[in-house]
Every structure is written in C-alpha cells, then in structure tokens.
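Below is one structure, written out as structure tokens, with a few remarks after it.
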Amino acid sequence: MEEGRVVNEYTQDGTVDLKGKPILKSKSGGWNACSFVVVYEIFERMAYYGISSNLILYLTRKLHQGTVTSSNNVTNWVGTIWITPILGAYVADAHLGRYWTFVIASVIYLMGMSLLTLSVSLPSLKPPECHELDVTKCEKASILHLAVFYGALYTLALGTGGTKPNISTIGADQFDDFDSKEKKLKLSFFNWWMFSIFIGTLFANSVLVYIQDNVGWTLGYALPTLGLAISIIIFLAGTPFYRHKLPTGSPFTKMAKVIVAAIRKWKVHIPSDTKELYELDLEEYAKKGRVRIDSTPTLRLLNKACVNTDSTTSGWMLSPVTHVEETKQMLRMIPILAATLIPSAMVAQIGTLFVKQGITLDRGIGSFNIPPASLATFVTLSMLVCVVLYDRFFVKIMQRFTKNPRGITLLQRIGIGLIIHIVIMVVASLTERYRLRVAKEHGLVENGGQVPLSIFILLPQYVLMGAADAFVEVAKIEFFYDQAPESMKSLGTSYSMTTLGIGNFLSTFLLTTISHVTKKHGHRGWVLNNLNASHLDYYYALLAILNFLNFIFFMVVTKFYVYRAEISDSIKVLEEELKEKTSNQVIPRD
C-alpha cells in the first residue's frame, strides 16, 4: 500500500521534469502551470493580431497595393502562419521536445516582430506618402521596401510555426490522462484556452488598431512587439512547474514506415486472428507512459504492415500493431480536416474584404472615427460570450438529454458552426447588396466615394462569425488534439492550424480566380479596387453556396468516422460518473 501510494504521487502519463526525471503531481502541472501558459497566450495573441488585423490597410495605404493584391498578400501570409506549425510539430515530436522547440521559435518570432517594427518606422524602408483615392496611381514600393517588410513578416511566420502547435499542447500536457480528477479538468481546458486567446485579440482589435489608424504605425507595431517579449518572459517564469513529454520520434517517419510496409506487402494475406500480428511487449509502451492499441478492422489494408513474413524485421517492412493504429487514426481525421477548409476560408474574410467594406462606410460617432479593422472586436466579444454560455449553460442542459460529459459530441459542435457559416455569407451578401444600392442612389459608383451608411450595418456578419468560431474553432482544436495518438499530439494540434493555413490559401485562390474569370469578355468583374463598382454581393453568395455544399460533405464524412478507442473508453467512464452524479441529485418538483 505504501509503495502504491508513493507511485501515485508521480504522474502516470509519462511526463517528466525538464531534466527528464519523474515528476510529482503535487508540485507540477494542473492549473498552477497552465496559468502561465494562458497568460502567455493573452499577450502573444495581442502581438499577432496587432499585426494581422490591420495589415491590409498598411499594404493599401503605405505600400499602395490594390484590393485583390493586398487581400491575397494578407491571406498568403496568414496561410503561411498556419501551415508552418507542421514543421514545428515535427521538430518537437522528433527532436527537441515541445518546450525547447517553443523557446527557440519564440526567439525567431521576436526577431521577426522587431524587424517588422523597424520597417514601418524608417522612412527609407517605405515609399513616400500618397493621398490618391486610387492607390494604384501612387509610387510603388521598391524591391528593398518589399524585401525588408516581407522578410520580417515571413521570419515572424517561421517563429510562429514552432510556437503555435506546441503552446496549447504544453498546456494540455499539464493534465494527467491517467488521473480521473485531472482528466475532468482537461475537458474545459480548451474552452478557457480560447477565452484567453480572445482577450488578447480583443485588445489588439480595439486599442492597437486605433493607435495604428490615429497615432502611427511605429507605436502601433512597437506595442505588439513589446507584448510578445513580455509573453515570452511570462512563459519562462513558469518553467519549474511544467510537465514535459519526451520526444518519441518523427510521426511522419512512423506513418511513412507503416504505409510503405503495407504497400510492399500488398499481396500478403491478413490472418483472421489479430494475435498473430506483430506487436511490441506491453512493457515497452508502459515505460514510455503510452497505451498499446489493439488492431481494428478499419482501413484494413494497413494491417498488412504488421503481418510478420519472417523475411525481414526492417522498420520499412514490418510495423507493430500500435504504430499501424496510430497511423490509421491520423489518416481517419483527414476527411474531417478537409471539411473545415471552407469555413477557414470564411474566417479569412474578416481581415480582408470585411475591412475593405468598412472603409467605404461612414465610420463616425460624433468626432470619433472607428477604425474599420476594429469591428473584428465584435467577433472576439461574440466568441467570448458564446464560449462562456456554451461551457456554463449549454453543456449542462444537453448533458441531461445526451448523458455526454461534453453535452454534444465535438463533431456535432463543428456541424452547428458550419450551419452558422452558411448564414453568415447569406447575411453578408444581402448587406453588401443593400450597400451597393445606396451607393448607386447617391451617384457614388464611379467615384468610389463614402456611402452614407453606418459601418455598423456590417455588425451582424461580424457577430455571427464570432458565434461560428465558438463552435467550429474551439471544437476543432479539441477534436484534433483528443483524437491524435499520444505520441502524435503536436502533429494532431497542427492539423487544426493547417486547416486555417490551407483555408487562407483557398481564399487567395477563390478571390484570384473569381476576379479573373468575371473580368473576361469585357465584364467589369466582381472584385475591383473601387468596391462601389464591384459585386461583392455575388462573391459572398457564391461563398454561401460553397458552405452549403461543404456542410453536406461534412455530414457524409462524419457518418463514417470512428472515434479513437481510448478516448471513447474514457468518455464512457465520465458518462457513468455523470449518471451517478445526476441520479444522486434531488430534483424539486412543482
């Protein structure tokens, strides 16, 4: 009993301290460690959105780029921001571990932010001021200007590639999955993680955007850089409390070995008894704090990789059952990943076309002018409210009907968000149609003048976007983390970020293609530098149709999705606890 009590004082999920030694539960992890991670995220999000939210206006007003060019440059950069986490996940899982990958990447991130602040501050690193309504008539930025500016932006992007997939995973690692109490706390971690993100975002979209528009770009970029430096110091301060998971080898190599072995043995017969398949001893996994996974019939072709033919024991010819099942799980999530690409492309509109629409409208409240990019604040506020309402009320109400500790499944939560995205684009199309009608009535089509409508007519599409994010984005992060095998958590987390990256590139592709196609045969085109002469209403209607088709695709792929076995089992345990809790409660009757 005494030995068992001592063992239970240490974490059981394979986490260790920074020196690689077993770590006590009482002196590490939990919300004590997560508090540093959450506060870090507040300042880091302030830094990132302090740059990205208003970037399209800097490209337009200071570098003199047109609507399509500036929008695409924003989405290409943001797409890179969200794609590079694949590289960061690889380095963390295969070589350095999450902590050191994060620390090194943070230094690169800070270097990029510092160079970016320098590029917007020095007159020699940007073209001269120009007040032409059509900015394409102004002097273009030189190669030097663009090289320094984009060099800084993409250095920053490289740094975020190492921080994004690892910081949320580091936070989730502070809860021991083998401890029922800590596992319960982990269920709400991602909701509060997103809450911290949007506190930082709220400050960036309100205060920093206002400073950039009304005080100057130098101070507007220097403050996010300072915020990032503070966030890194805060994270480092929590080092003694963190639990760490040791790198377990490249997930890409492991998956490649399984796929290659299955292809090379495609003629091999799979035995009906799964016990005949090759597997490592249970002790091998227990030493690493991992779970051995039994063979499943799904994606049966990959089971050939663990058929022992006695010809060779090479890793490229033979893989254990657990590695095969881990590979299956990562592959099973790809259709879900694909179904979240269209909504990710919709999110890209917040920092591009939505902002350009705001420029054309009346932004005055008395003597105060609202920065067009600051309307993104309402996305943040809407999401904050929806996340809290969801976590505190919706989940508890749904638990009574579904007996699911999450209220509804993660995929059901994503599905609700996809429906909201359809509504968003319909509302955006109707709003833009109204704006164009008023512009025509006041003779503002050709001169591109300000339309006598309040910028707040755009508010519904911003508020709905926040509501959609509360369902899709939160559930997406939690889904890919939960469903990823234990040895591939960073890669799983990078899946959710990859969807945003590909979504931004998809937005670039759609905008470029539609702009080009609609200009053929002498037509004016749907997206022009003069939005009063454009047809963004048609473009948004097309996006609504794409969202509807995507929702149908999502319904199909979720019908065939199989949840990871260990997660399903742990959820069942929590369901039983929930039933016991509710059965013990006395419900008063009227």
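Backbone N, Cα and C define each Cβ position, glycine as well.
Here the structure is a predicted model, which means the values were calculated and not measured.
Summarising the annotation, TrEMBL assigns transmembrane segment to 99-122 (among others).
Within the chain carrying the transmembrane segment (142-159), a Cβ under 8 angstroms from the stretch's Cβ atoms is held by residues 51, 63, 77, 80-81, 84, 105-113, 115-116, 118-120, 125-127, all 6 or more beyond its ends. Annotation source TrEMBL lists transmembrane segment at 142-159 (among others).
Feature annotation from TrEMBL assigns transmembrane segment to 190-211 (among others). For the transmembrane segment (190-211), the list of distant contacts is 38-39, 41-50, 53-54, 168, 171-172, 219-220, 223-224, 371, 373-374, 376-377, 379-381, 383-384, 387-388, 390-391, 470, 473-474, 477-478, 481: same-chain residues at least six beyond its ends, Cβ to Cβ under 8 Å.
Look at TrEMBL and you will find 217-237 (among others) tagged as transmembrane segment. The list of residues near the transmembrane segment (217-237) in space but at least 6 beyond its ends in sequence, with Cβ under 8 angstroms from a Cβ of it, reads 36-37, 39-44, 46-48, 50-51, 54, 58, 62, 102-103, 106, 109-110, 113-114, 116-117, 120-121, 167, 204, 208-209, 211.
The list of residues near the transmembrane segment (336-355) in space but at least 6 beyond its ends in sequence, with Cβ under 8 angstroms from a Cβ of it, reads 52-57, 70-71, 74-75, 78, 372-373, 375-376, 379, 411, 414, 417-418, 421, 424-425, 428, 458, 461-462, 465, 468-469, 472-473, 476, 479-480, 495, 498-500, 502-504, 506-507, 510-511, 527, 536, 539, 543, 546-547, 550, 553-554, 557-558, 561. The transmembrane segment annotation in TrEMBL covers 336-355 (among others).
Residues or ranges marked as transmembrane segment in TrEMBL: 370-390 (among others).
Tertiary neighbourhood of the transmembrane segment (410-431): same-chain residues 336, 339-340, 342-343, 346, 349, 354, 457-458, 460-461, 464-465, 467-476, 478-479, 482, 537-538, 540-541, 543-544, 547-548, 550-551, 554-555, 558, 561, selected by CB-CB distance under 8 Å and a gap of 6+ residues from either end. As annotated by TrEMBL, transmembrane segment applies to 410-431 (among others).
Per TrEMBL, the feature transmembrane segment maps to 451-472 (among others).
Annotation comment: TrEMBL describes 493-518 (among others) as transmembrane segment.
For the transmembrane segment (538-562), same-chain residues at least 6 beyond its ends with a Cβ under 8 Å from one of its own Cβ atoms are 296, 298, 332, 335-336, 338-339, 341-343, 345-346, 349, 353, 411, 414-415, 418-419, 421-422, 425-426, 428-429, 432, 510-511, 514, 518, 526-527. For 538-562 (among others), the entry in TrEMBL reads transmembrane segment.
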For the transmembrane segment (451-472), sequence-distant contacts whose Cβ falls under 8 Å of one of its Cβ atoms, 6 or more beyond its ends: 194, 340, 343, 346-347, 350, 354, 357-358, 360-363, 370, 372, 375-376, 378-387, 390, 413-414, 416-418, 420-421, 423-424, 427-428, 431, 434-435, 438-439, 442, 444, 532
Positions whose Cβ lies under 8 angstroms from the transmembrane segment (493-518), at least six residues beyond its ends: 68, 71-72, 75-76, 78-86, 88-89, 164-166, 168-169, 333, 337, 340-349, 352-353, 473, 476-477, 479-481, 484, 524-527, 535, 538-539, 542-543
